[in-house]
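For reference, the structure discussed in these notes is given below.
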Amino acid sequence: MKVATSALLIGAAAAQQQQILKFPDSFSELKESSWTKPLQNLEESLKSLTGEARATWDEIAMMFPESFEKAAFFSEPKPHTRKQDSEWDHIIKGADIQSVWVENEKGEKEREIDGKLEQYSLRAKKVDPSVLGVDKVKQYSGYLDDEEEDKHLFYWFFESRNDPKNDPVVLWLNGGPGCSSLTGLFMELGPASITKDQKIKHNPYSWNSNASVIFLDQPVNVGYSYSSGSVSNTVAAGKDIYALLTLFFKQFPEYSHQSFHISGESYAGHYIPVFASEILSHKNRNINLQSVLIGNGLTDGLTQYEYYRPMACGEGGWPAVLDESQCKAMDNAYPRCASLIENCYNSESVWSCVPASIYCNNAMIGPYQRTGQNVYDVRKPCGSNSLCYDELDWIQGYLNKKEVMKAVGAEVSNYESCNFDINRNFLLQGDWMKPFHRVVPGILEKIPVLIYAGDADYICNWLGNKAWTEALEWPGAKAYNQAKMEDFKIDGDGKTVGQVKSSGNFTFMRLHAGGHMVPYDQPEASLEMLNRWLGGGFWKA
């Protein structure tokens, strides 16, 4: 059964042929509610639309009329019931942090911690490990609250199974945009998975084996998170992440001195560069950011989209999915795709970036998707679930149990693994195709960056990820490009599980027989990668 045309691709790149926009007849009826803010932004953009941009928009609309007709401009807020403050074990307010001033080396007064935090607060509760049985370690869950914008981000923290007083802390982000990081928790790298009958199954390769891990549902209205408004671009989400981490480490200072790392997959290839840059921009911070890890990410569309045809046509190490005529059609379509992406890169305008996303996803992802083959794993068909994995239904069922929601303090009325409307809102803002790779050189000046990719993924394939790291302009580019791919082996048994190249602060890793979600397909290899990376095994040389 082929992927549903309305499918949102897990963790990141959604094939957008169904999520295209048309002009509304009237904005006036829709602008009463704050959650229609993307519409207001669109109306403002209309005022500055050039004739050339409008012509491009209309051209793409004519090519894919059905897609435009199925457009959705907004998402409704999630039903929720906020708990009394007395039901939480800890509450910390950003205003209290902002009120602390210190004297710097020059004798000048400055805030102890930078950033605009007054509007934020953090609620936390201890999760009794014996109630759910997900893991035996210390756990906290709760919400970051933005009281001004009425945004509430849910998180779930698991302490390291090994040495939590000294082990690193890792933030994990799924992509979408619009997919819950709790799917990563229970399907990929968390302490347990969910079985078909919604039972807990211990994961011996959990990433909290040697690190404490925070799973965050973001942006708002994803998973257990909620809001009466909306976040529809990556940069806006970055401010929330900085606030969350600042308040979390202030409330739990026992974790603030260890090294901190941001990790994620797919659309996190957009998120992580921006989030890391936001954190590093603050001189006075309590976030000890030491590295970032991006798995099968979408970061540089101009480079990565060129490699859809090779991956689909047997040049990525796996048999071809498409026939010769389909491959030729993709070859013919790419120059137009590249031209549209270049226009997006040059202007970063919604009117350039949205058509680029629409055309390129239809031309470069659509032919593969229509075969019914799994876009996350070229080795297998998609199956009956519209997102190709039955586990997502099992996880959704488990996280909708009343006893589970009560145990973690969830305030929404229902949990969904992925919110399709969030995906469309990000597309509406032109976020999909923007050049977030341009942020990476500034990050490389300060901390190491790992780009890893399972080599059986199609949607954010290893060919494209390797290519964009080699196309990136940064001071260490020459040495990085001259570095050779070497075998990556499991310590102890010497089994080769991938290849890696590294120079300076930049590392790329190809993991054999892993799909879009490497920890799901290759749990042992993914944990080996994480442990080696956190230990500095790739960049110290």
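Every residue gets a Cβ built from N, Cα and C, even glycine.
Swiss-Prot has this to say about the protein:
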type     : residues  : note
SIGNAL   : 1-17      : signal peptide
DISULFID : C179-C418 : disulfide bond
CARBOHYD : N210      : N-linked glycosylation site
ACT_SITE : S266      : active site
DISULFID : C313-C327 : disulfide bond
DISULFID : C337-C360 : disulfide bond
DISULFID : C344-C353 : disulfide bond
DISULFID : C382-C388 : disulfide bond
ACT_SITE : D457      : active site
CARBOHYD : N505      : N-linked glycosylation site
ACT_SITE : H516      : active site
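Location within the structure of each feature annotated in Swiss-Prot.
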{"residue": "C179", "record": "disulfide bond", "DSSP class": "strand"}
{"residue": "N210", "record": "N-linked glycosylation site", "DSSP class": "coil"}
{"residue": "S266", "record": "active site", "DSSP class": "coil"}
{"residue": "C313", "record": "disulfide bond", "DSSP class": "coil"}
{"residue": "C327", "record": "disulfide bond", "DSSP class": "helix"}
{"residue": "C337", "record": "disulfide bond", "DSSP class": "helix"}
{"residue": "C353", "record": "disulfide bond", "DSSP class": "helix"}
{"residue": "C388", "record": "disulfide bond", "DSSP class": "coil"}
{"residue": "C418", "record": "disulfide bond", "DSSP class": "strand"}
{"residue": "N505", "record": "N-linked glycosylation site", "DSSP class": "coil"}
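S266 (active site) is 8 Å away from H516 (active site) when you measure Cα to Cα. Proximity of C313 (disulfide bond) to non-local residues of its own chain (separation of 6 or more, Cβ distance below 8 Å) is seen for A320, V321, L322, Q326, C327, M330, given in sequence order. Taking Cα separation as the measure, C344 (disulfide bond) is nearest to C337 of the recorded positions C179, C337, D457. For the recorded site, C382 (disulfide bond), the DSSP three-state label reads coil.
Long-range Cβ neighbours of N210 (N-linked glycosylation site) (same chain, at least 6 residues apart, Cβ-Cβ under 8 Å): S160, R161, N162, D163, D167, P168, L530, N531, L534. In terms of C-alpha distance, the listed recorded positions S266, C337, C360 place S266 closest to C418 (disulfide bond).
Checked against C388 (disulfide bond) by C-alpha proximity, the recorded positions S266, C337, C360 yield S266 as the nearest. S266 (active site) sits 21 Å from N505 (N-linked glycosylation site), taking the C-alpha atoms as the reference points. Remark: of the disulfide-bonded residues C179, C327, C382, C388, the most isolated position is C327 (fewest other Cβ atoms within 10 Å of its Cβ). Recorded residues C360 (disulfide bond) and C353 (disulfide bond) have their alpha carbons 11 Å apart, per Cα-Cα distance. Of all the recorded positions listed here (C179, D457, N505), D457 has the Cα closest to the Cα of C337 (disulfide bond).
Secondary structure at D457 (active site), taken from DSSP and collapsed to helix, strand or coil, is coil. The recorded positions S266, N505 differ in how many other CB atoms lie within 10 Å of their CB, and the one with the most is S266.
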